[in-house]
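Annotation comment: TrEMBL describes 278-448 as domain 'DNA primase large subunit C-terminal'. If you look up TrEMBL, you'll see Cys287, Cys367, Cys384, Cys424 marked as [4Fe-4S] cluster binding site. Positions annotated as region 'Disordered' by TrEMBL: 456-508. Taken from TrEMBL, the feature compositional bias 'Polar residues' covers 468-493. Residues or ranges marked as compositional bias 'Acidic residues' by TrEMBL: 494-508.
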Amino acid sequence: MEFTREKRMKMRLAGDRRGDQYPHSLQFYQQPPAENISLAEFESFAIDRLKLLKVVENLGVSYVKGGEEYKNKLQQELRKLKFQYRALIEDDYDARRKDHISHFILRLAYCQSEDLRRWFIQQEMDLFRYRFNELTDELVQKFLKYINLSYEAISKEVKEKLAVQLINSTPGLSGAKIEELMFYKVPLQDAMDLFRVRRVYLLDAFTYVPHTDMVAIVLNNFRTKLSKALALTARSLPAVQSDERLQPLLNHLSHSYVGPDYSIQKNTGKISIEHIDALSVKSFPLCMRQLHKALRDNHHLRHGGRMQYGLFLKGIGLTLEQALQFWKSEFIKGKVDADKFDKGYAYSIRHNYGKEGKRTDYTPFSCMKIILSNPPSQGDYHGCPFRHSDPELLKQKLQSFKISPTGITQILELVKGMHYQLACQKYFQLTHDVDDTGFSLNHPNQYFAESQKLLSGGRDVKKEPSEPENSQQKLSSQKSTNSCSIPNSSNIEGDTELEGLDAYFTED
């Protein structure tokens, strides 16, 4: 006897009481997980959830949320990231368990500040919206009952009786659509947002909400509960952080990175010092281009700039000998003589390369490390220009680099929405004349590598006819209160080791 995949799953769960724990594909995450998991699984789930939410954020800015292109792209990315959330519409215990546990892990990491909470809520809402809209009418009713939202679907007789009123009060509906569409009877206080914009029919303190608009009501309820839950989690966080096994993981999840290890120099020795000036214009992200220009202009960088720029140069292939030559040749043009450089600065450069001190091979800073730690002060040039620069100064800088007025407006819109990595990605598109970068930016050395690959013909250019007006409208429509872009993964050990390096950069 043969069974379809769906029947096999239901038969498996019928004899497996684990399925009772997650009876529905969608969750409000009202009860925290009670099982024991390993630290390896804890970190793995957290990183995968971060990757998923990062994809959700990127697509939400690049495409109209809920549009076909948005949904298709999100499905593609979910498959690429090996997240089987599409299968959650069916019975899938393992996927539901991972969804449940990973959400609560990130709650612990993202309850620690207002910016982190805001970002987390926004991405979780967008993910919830996508998944809710994938449910059938039957599954929606089951889900509403499961989360104790007692919104009943009206009967066919009531719908026929109120057909004229429903058509007149619900934009875009016709008689034919009314017959196909499910309507729910919702108390007015729960549908005020829809009532204010006149999208529902009101009768005796109840609104009649079409299935297509139910997501707004459920989403508002989800946001309220999640916001309160994060506040409660923040209060209990000290007890969780007292566990020495979890504290370092939680402290780094909010600005962590897992991707290519740029301390492993595949291009060591392939970069010539004489080429750095040209490369800074063609292939450096704005943060490194800014540091390089400041070094050339002032013949000096303070310790924050030397750390950020020095490790970046190491990551693109500068050898230790080249680095010593590069920094020394520039510093002695200023107020530092050769003897002072050898005594005060050369040691820190060798330390970068693992030749002094603990002999640790230090990793170049990721975007999140730059955005969230050690903000620049007066006289500093390190940091992220999109995060740390005044918008007017950033505009002037972009103008000096010949960015078009339309492009500058698009970048500033992203900065205003606190999408700093996406603003840098837009900068890449504008400086390389492409409409689709083909990657999600998380690291300055990734920017350099992708630029070099593109300029050398290593990947296809995805160029489409530009539509500046439409692009501007899209950016305006996607304004949000998101915090800075969150990375798609974690390199905890590298970040921890790097903290000890500050002591070796004490001279200005």
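Yeah, the Cβs are placed from backbone N, Cα and C, and that goes for glycine too.
If you take every residue in the domain 'DNA primase large subunit C-terminal' (278-448) and average the pLDDT, you get 92.
Excluding Cys287, Cys367, Cys384, Cys424 themselves, the residues of that chain whose CB lies within 8 A of the CB mean position for the [4Fe-4S] cluster site are, in sequence, Pro285, Leu286, Ile370, Ile371, Pro385, Phe386, Arg387, Tyr420, Gln421, Pro444. With a 10 A radius on its CB, Cys287 ([4Fe-4S] cluster binding site) counts 28 other CB atoms from all the protein chains.
There are 27 other CB atoms within 10 A of the CB of Cys384 ([4Fe-4S] cluster binding site), with all protein chains counted. The Cβ of Cys424 ([4Fe-4S] cluster binding site) has Pro285, Leu286, Cys287, Cys367, Cys384, Phe386, Leu441, Tyr447 as same-chain neighbours under 8 Å, each 6 or more residues away in sequence.
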